[in-house]
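This report concerns only the one structure given below.
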Amino acid sequence: MANDKGSNWDSGLGCSYLLTEAECESDKENEEPGAGVELSVESDRYDSQDEDFVDNASVFQGNHLEVFQALEKKAGEEQILNLKRKVLGSSQNSSGSEASETPVKRRKSGAKRRLFAENEANRVLTPLQVQGEGEGRQELNEEQAISHLHLQLVKSKNATVFKLGLFKSLFLCSFHDITRLFKNDKTTNQQWVLAVFGLAEVFFEASFELLKKQCSFLQMQKRSHEGGTCAVYLICFNTAKSRETVRNLMANTLNVREECLMLQPAKIRGLSAALFWFKSSLSPATLKHGALPEWIRAQTTLNESLQTEKFDFGTMVQWAYDHKYAEESKIAYEYALAAGSDSNARAFLATNSQAKHVKDCATMVRHYLRAETQALSMPAYIKARCKLATGEGSWKSILTFFNYQNIELITFINALKLWLKGIPKKNCLAFIGPPNTGKSMLCNSLIHFLGGSVLSFANHKSHFWLASLADTRAALVDDATHACWRYFDTYLRNALDGYPVSIDRKHKAAVQIKAPPLLVTSNIDVQAEDRYLYLHSRVQTFRFEQPCTDESGEQPFNITDADWKSFFVRLWGRLDLIDEEEDSEEDGDSMRTFTCSARNTNAVD
């Protein structure tokens, strides 16, 4: 065959083919280097075709690793170049490598910029353009300044100090001079001061329209110089917001990072802060929405600024007496709230002795109220309490409750008439019965209407647990046990009678008063206990046997102050209060207005 390959050997020679086909080391040494490589490669290729299971041919990888490293290096250089353009905004980088790499793309982008120069969206989306003449150069400079400011904020060791310094250099005023300090981001406030650094002009103008819907007053101004740009906002929201909420709102609205914001509540007490905002509002570069807040007008108006506010303690006492505030915490809180409309309250907040004034005011009000209460007769006092009750009520709810307990209302009215007069041996009413029969509900509603006090037997080991009897017209001891009744039988027989008793008061001398009418609720029937024999004549009992809770555990009866008001008005004559009421009206005591402040009505200036 013409294409027959391989060696020709004679089969009669036996194993002599081994000598013919074998490779010798001496042959390789005599061969040329290039020829040896070619022969070995060719031999390996031929051998690999005949391999059956194990491939011992040599493998050549080529330069794949070098190509991979070259591609990685090129991709890394492109990423670094893009990062420099985004962070630094360098015109040299954008006009250097990028212009040399894609000149056609640059020319197209520049042509698009010239065709659509009036479109604001293109200016925002493509801020980095080749510097040209006019508007394009100015826009590029602004973007470069913003990027440079962001870079300074990132590189600065103390970003807060850098922002405070930039704010003071632009507005010639410290940021802390116009703001207060809130340490908790959850504290809510309506008036906030915001400083934004590196804000683009398009977002500054758009934020004015977006924030007007959420604010009752909005004032904003933006300034810039070679160090960067800063915009300051005074925002009075319609509802109180926390710093965290305002920060998220403004960061999304202005499209800036939270690191570029400084946010604190407005300083409403300070002439310098008010003048700063008032002067800024007069500038034509300031955008303003709504009327100036009251705290700015009050401190910048000529009359208010020249007027010297002096605190008058008597005016404060008169205010607390008119509102019936006798607790120190209530007086302090409510009078601080009145500072917006009361000049004396503002002067009170400016004093350094607020705690002393509040304590003295509460003491004086308690003295006045106690003397006023003791000066009134029981009919006049009940009439005054009826004026304080609001709403519409019906005396029939009380009638229905007594009928439900199988008690005649006329019996309760006769006992109540003697109880209100404080007649001896009729000065204590006890409501006896099993639990959940409405005893405490009835007595607590009556004591609340009369403005009485509640005594807790848990404090009986204290010498002063009866001190509140000196300042009240009626008292209640709820859920009296055997220990309480034994205490009454041992120490308070004259108090149950309604005779004068001596009351020990803390840090004061003991006072002698007539024991006020007393209500007692208990599960123990005193009349059936022989051990309380001496209390039988001193206590008038009413037994409640019917439970006052339905299947769901709720109480169907609810007696309010308006119901007691209707009850007393309806049964005023039957309670024998007419004569004393007419006498008080003729004397004019009930119509007299009490004045505890030094009002100089006839003074001559």
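Using N, Cα and C of the backbone, Cβ positions are placed for all residues, glycine too.
Over in Swiss-Prot, the protein carries these features:
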COMPBIAS  90-101  compositional bias 'Low complexity'
COMPBIAS  592-605  compositional bias 'Polar residues'
CROSSLNK  LYS514  SUMO cross-link
DOMAIN    407-557  domain 'SF3 helicase'
MOTIF     105-108  motif 'Nuclear localization signal'
Would you count the other C-beta atoms found within 10 angstroms of the C-beta of the residue listed as 'SUMO cross-link' for me? 13
Kindly state the mean pLDDT of the domain 'SF3 helicase' (407-557) in the predicted structure. 91
What does DSSP say about LYS514 (SUMO cross-link): helix, strand or coil? strand
